[in-house]
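Notes follow once the structure below has been shown.
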Amino acid sequence: MSTVIAVVGPTAVGKSDLSVALALRLTEHGLPAEIINADSMQLYQGMDIGTAKLTPEERRGVPHHLLDVWEVTQTANVADYQRMARAVIDDLHAAGRVPVLVGGSGLYVRAALDELDFPGTDPKVRARLEAELAEQGPLALHARLARLDPEAARAILPTNGRRIVRALEVIEITGGPFTATLPDHVSRYPCVQIGLTAPRPELDERIALRVDRMWEAGLVDEVRALEKAGLRDGFTASRALGYAQILRFLAGECTEEEAKEETVRATRRFARRQESWFRRDPRVHWLPYDAPDLVDRAFALVCEHSDLCFRSATRDEQS
């Protein structure tokens, strides 16, 4: 079975740039590569600035898949993403191309790469929990989750009502902890996972600079436009980092500067959770984000831990 490459790690560490550079390097070696998005918020149409979605120019001619597939009013569903991602992976393999999965949404990465089956839903249980979320707020439900499944609570942001509700729903339906539905790391495809890491002070600074750039690039105006398209009604998209804070500003619940400062704080907290998630996966090969030979080292990992480079060399000898 053909290999998948994944580039993972916390936000603002440089995953997208590395994925493009690595795809180009693979293509140069006769291994045409294409990129599959594994950032849950980049799946949404129009959420460009706040998700740091690469522009067409920044993609440097490398085909990208699973960007802009959902409207902002649609609730994210990891099982739907799993079906889409696996279909793209299988299509690329059939075409003789190398899939490069990139993103920091840990559950989405695992859904694409691993043997994971997601429990079904119970509309009555879901409706009751969503009503409790609306009445009590996410912090109260997160405290309940912490009592029932401490490991799941550590992995889910206390403000992420959607994921808290889903975890509580699974616990109620299955009678077991939510984390029991995430078994040991069993790969569906041969995979080389490359993780980018940065010292915390440097990553914190990169996050602050990124938020500054997003504001300068017009994030507030982007949110205003998406609000007209139904962003407030989107159960998932309205809670995205930056978007949730600006929606509060537009509603008069805080100042713009407070929204910006909270975006920085919330993003830093999220980055810590992302790194903790990926650190638990022993298959990830970690590289420093600022290594001067980063692309060379990433390509070397691909050659060392897969047969891709051997296949490329064999084709060269036969041609």
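Using N, Cα and C of the backbone, Cβ positions are placed for all residues, glycine too.
Keep in mind that what you see is a predicted model, and the values were worked out from it rather than measured.
Listed in Swiss-Prot:
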- GLY9, PRO10, THR11, ALA12, VAL13, GLY14, LYS15, SER16: ATP binding site (BINDING)
- THR11, ALA12, VAL13, GLY14, LYS15, SER16: substrate binding site (BINDING)
- 39-42: region 'Interaction with substrate tRNA' (REGION)
- SER105: site 'Interaction with substrate tRNA' (SITE)
- ARG126: site 'Interaction with substrate tRNA' (SITE)
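Overlay of Swiss-Prot feature records on the structure.
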residue : record                                 : DSSP class
GLY9    : ATP binding site                       : coil
GLY14   : ATP binding site                       : coil
SER105  : site 'Interaction with substrate tRNA' : coil
ARG126  : site 'Interaction with substrate tRNA' : helix
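The Cβ centroid of THR11, ALA12, VAL13, GLY14, LYS15, SER16 marks the substrate site; residues of that chain outside this set whose Cβ lies within 8 Å of it are GLY9, PRO10, ASP17, ALA52, GLY104, LEU196, TYR289, given in sequence order. Between the CA atoms of SER105 (site 'Interaction with substrate tRNA') and LYS15 (ATP binding site) there is a gap of 12 Å, rounded to the nearest whole number.
Counting residues per DSSP class in helix, strand and coil order gives 0 helix, 0 strand, 4 coil for the region 'Interaction with substrate tRNA' (39-42). When the neighbouring Cβ atoms lying within 10 Å are counted for each of the binding-site residues (ALA12, VAL13), the highest count belongs to VAL13. Within the same chain, residues at least 6 positions away in sequence whose Cβ sits under 8 Å from that of LYS15 (ATP binding site) are VAL7, VAL8, GLY9, VAL102, GLY103, GLY104, LEU196. Neighbour counts of Cβ atoms within 10 Å were taken for the binding-site residues GLY9, PRO10, GLY14; the minimum is at GLY14.
Listed in chain order, the extra residues whose Cβ falls within 8 Å of the Cβ center of the ATP site residues GLY9, PRO10, THR11, ALA12, VAL13, GLY14, LYS15, SER16 are GLY104, LEU196, TYR289. The two recorded residues PRO10 (ATP binding site) and ARG126 (site 'Interaction with substrate tRNA') have their Cα atoms spaced 30 Å from each other. Listed in sequence order, the residues of the same chain lying 6 or more apart from SER16 (ATP binding site) and placing their CB within less than 8 Å of its CB are ALA52, LEU54, GLU58, VAL102. Taking the Cβ of THR11 (ATP binding site) as centre and 10 Å as the limit, one finds 22 other Cβ atoms among all the protein chains shown.
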